[in-house]
Amino acid sequence: MATMQAAKKQLRKLIKDRLCDVSLDSSKNQTSKALETLFTMPQYQNAQRISVYLSMPSGEISTAGIVHDALKNGKEVFVPYTYKISHLADGPGSVMDMVKLDDLRDYEELRPDKWGIPTPTESSIANRINSFGSVGKSVGHDASSAPGQGGLDLIVMPGMAFDMNMNRLGHGRGFYDFFLERLQRHTDTKKGRMPLLGSNALKWSEQLLEESSVPTDSTDWKLDALITGDGQLLTASHSRIA
Ligand SMILES: Nc1nc2c(c(=O)[nH]1)N(C=O)[C@@H](CNc1ccc(C(=O)N[C@@H](CCC(=O)O)C(=O)O)cc1)CN2
Ligand SMILES: Nc1ncnc2c1ncn2[C@@H]1O[C@H](COP(=O)(O)OP(=O)(O)OP(=O)(O)O)[C@@H](O)[C@H]1O
């Protein structure tokens, strides 16, 4: 396990160094190509409830256009909110929920956190609907959501690195991996797994690696599909996205 974490750490460092060299022009161009592809996908067009990460100032495909398009088309948009928890002795010290944006104004009023990620204020959380179908922080409140309520139709995920086998490497806090496990436990499993879509920020060669290059263990979730910065859609053999 120590070796696995060391291998992931090393890969994160490698990618971070590569991302420093990407120009603003290239990053804008790749964002618009990736979004063009996303908007043509039936899985996006038909999704009513979507989760979208809100991009950092650099190193990620910008998702501002997705939020605008989704809200304009009447979709429910859920965004990450991370917070510390104390009462799970054998779990993580912080968890991530996906909380609902009210409207475009709400989105535009979000303020950047220490990583530059637009984030809902702590004081707004108690009144926000979360993706588990309850209101406020989900940890400690899970039991109140009726079975079948909540859930997401599409999850647009960030990542440091991806490979051709649809493996994904995050920033190493396990936020998405823990969140997906909780979401799966709380939503109607008969519907099957919600499609997980990664957007491969920045050029093919910078973040997309050869098959099985991302070290993974049993807690890592594979993506169903990946959109690259040149607008290509890669799908997995296990995927519900054809
Ligand atoms: N845009 C965006 N939003 C997101 C995520 C993300 O990866 N991207 N997250 C996905 O989980 C969660 C926030 N988690 C994060 C965890 C660590 C770091 C980070 O940069 N940590 C180290 C650097 C570690 C590294 O080299 O990767 C730092 O503080 O410098 C950023 C976000 C929720 N929102
Ligand atoms: N569902 C889980 N149950 C137990 N441990 C988990 C679970 N999900 C992640 N972990 C653990 O959390 C730690 C961080 O995970 P990992 O390095 O895979 O994060 P990541 O995929 O880079 O980040 P993220 O999921 O936030 O994007 C690892 O030690 C991993 O084993």
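Backbone N, Cα and C define each Cβ position, glycine as well.
Curation does not apply to TrEMBL; its annotations are automatic.
The feature ATP binding site is assigned by TrEMBL to LYS8, LYS9, GLN10, LEU11, ARG12, ARG168, LEU169, GLY170, HIS171, GLY172, ARG173, GLY174, PHE175, TYR176. DSSP assigns PHE175 (ATP binding site) to a helix in the three-state reduction.
Around LEU54 (substrate binding site), taking its Cβ as the centre, 24 other Cβ atoms fall within 10 Å, counting all chains. According to DSSP, LEU54 (substrate binding site) is assigned to coil rather than to any helix or strand. Marked as substrate binding site by TrEMBL: LEU54, GLU60.
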Distance from PHE175 (ATP binding site) back to LEU54 (substrate binding site), taken between C-alpha atoms, in Å: 14
Those binding-site residues in GLN10, ARG12, LEU54, GLU60, PHE175 whose CB falls under 6 A of ligand 2, listed in sequence order: PHE175
Binding-site residues near ligand 1 among GLN10, ARG12, LEU169, HIS171, ARG173, PHE175 (Cβ under 6 Å): ARG12, HIS171, ARG173, PHE175
Greatest C-beta neighbour count within 10 angstroms, which of the binding-site residues LEU169, ARG173, PHE175: LEU169
From binding-site residues LYS8, GLN10, HIS171, ARG173, the one whose Cα lies nearest GLU60 (substrate binding site): HIS171
